[in-house]
Amino acid sequence: MRIDILSLFPAMFEGPFGDSITRRAVENGILDIKITNPRDFAEGKHQQMDDSPFGGGSGMVIKPEPMFKVVRYVKETTNYANRRVLLMSPEGSVFNQAKARELAQYDQLIFICGHYEGFDARISENLADEIISIGDFVLTGGELPAMIITDAVSRMLPGVLGSEESAPTDSFYNGLLEHPQYTRPREFEGMAVPDVLLSGDHAKIAKWRREKSLEITLRNRPDLLETAELTDEDIKYLNKLREQNIQK
């Protein structure tokens, strides 16, 4: 997958993309990440990227000319038919695991990172295929959302994770929160690992993990159960938990 990030602050990506899973994905040829500064496409001696809003108001608005130029440049210098242009903004639809899986099907993602007061509306209305938010809060710019989405999407790509089973067991992958995880030692300061995980009985372990996943989801994010893929056994177990007031 090719990922192009258009940012006025390209240095912000050096640390997050230079370590861990993302770096390995790049080294293994699974990901190709390119950071481009839209200011390089701005006109004038000072390469001005923003201007005051028509109609008055506080803050500065990103001008359309350099953003249209940089997106056109990226499209013209790369050869991907299956691509998606994403604009980072709190006004967009909220990003989730389902969206990560959807975006992982594209060959190229182009992230437009904003700053200042926001974008000239002609950018969001005519340049972006989709506007995405990472939550109901405001950040200084779109760089952090672009990093988060890149990380989440890259985990969906074959060969990125050390184990092919890792992604399907992550929280939200199947609509539920993940079950608890344990490692050595078997007992620590009087806190023991559940016996079932040491039994070697894979069916019992799978059942325990599923039930714990349901329990944690019901307690912490009951809204997820409305769209989760639930079996008849899941529903019975949830009803049992509700009778026991597990949500409290």
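FYI, residue positions are counted from 1 along the chain as it appears here.
Heads up, the Cβ atoms here are built off N, Cα and C, so glycines get one too.
Per TrEMBL, the feature domain 'tRNA methyltransferase TRMD/TRM10-type' maps to 1-226.
The C-beta environment of G135 (S-adenosyl-L-methionine binding site), restricted to residues of the same chain at least 6 apart in sequence and closer than 8 Å, consists of P90, V94. Positions annotated as S-adenosyl-L-methionine binding site by TrEMBL: G114, I134, G135, D136, F137, V138, L139.
Here the domain 'tRNA methyltransferase TRMD/TRM10-type' (1-226) returns a mean pLDDT of 94 for the predicted model. The number of other Cβ atoms within 10 Å of the Cβ belonging to D136 (S-adenosyl-L-methionine binding site), over all protein chains shown, comes to 7. Sequence-distant neighbours of I134 (S-adenosyl-L-methionine binding site): residues of the same chain at least 6 apart with a C-beta under 8 Å from its C-beta are M88, V94, F95, L144, P145, I148, I149.
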